[in-house]
Structures are given as structure tokens and as C-alpha cells.
Amino acid sequence: MPSVRSVTCCCLLWMMLSVQLVTPGSPATAQLSGQRTARGPGSAICNMACRLGQGHMYPFCNCNGKRDVVSSSMAV
């Protein structure tokens, strides 16, 4: 079974490669393929990293307040 780190790396690599890059100075912005909204690759990478609990590996991501808190004890 693949480790969480290798799965995370593969997902992030796939997302980075799926971004259509444009030349600097072009009036267009980078867009995720198949979408019309102008979003840079950083937001998609940060969302994925924060969801997987790996946001600390990317200094440009701010995952504060995005973590789901799971308690190991049951409420009585």
C-alpha cells in the first residue's frame, strides 16, 4: 500500500502538471485546464496540502483554521 507521502506527492505533481502555464507579459492568467476561472496553482496545491495535513511542508500555504479536529474519545 503506498504511503501517504507518496500519494500526496503524486497528487500535487499531477495538479502542477495540469496547470496551463502562460508566458510572462501575456494578458492571460494561469488557469486550471477545463475551468474558466483564473486561479493560480498555489491555491489548489494549498487546499490539497491542508486537507491532507501536509500544509507545513509548503511555506506559502496558510492552513490555520482549515484543519478538521477529530477527537479520539467519545462524548458521554
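Cβ coordinates are placed from backbone N, Cα and C, and glycine is handled just like the others.
Features of the protein shown, as given by Swiss-Prot:
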type	residues	note
DISULFID	CYS46-CYS61	disulfide bond
DISULFID	CYS50-CYS63	disulfide bond
MOD_RES	ASN64	asparagine amide
SIGNAL	1-27	signal peptide
Original post:
What is the interatomic distance between the Cα atoms of the residue listed as 'asparagine amide' and CYS50 (disulfide bond), given in whole Å?
Top reply: 9
**OP:** Take the C-alpha atoms of CYS63 (disulfide bond) and CYS46 (disulfide bond) and report the distance between them in angstrom, rounded.
**Re:** 8
Subject >> Separation of alpha carbons, CYS61 (disulfide bond) and CYS50 (disulfide bond) (Å) >> reply: 8
**OP:** Any same-chain residues 6+ apart from CYS61 (disulfide bond) with CB under 8 Å of its CB? Would you list them in sequence order, or say none?
**Re:** GLY42, ILE45, CYS46, ALA49, CYS50, GLY55
**OP:** Have a look around ASN64 (asparagine amide) and count the other CB atoms within 10 A of its CB, chains all included.
**Re:** 8
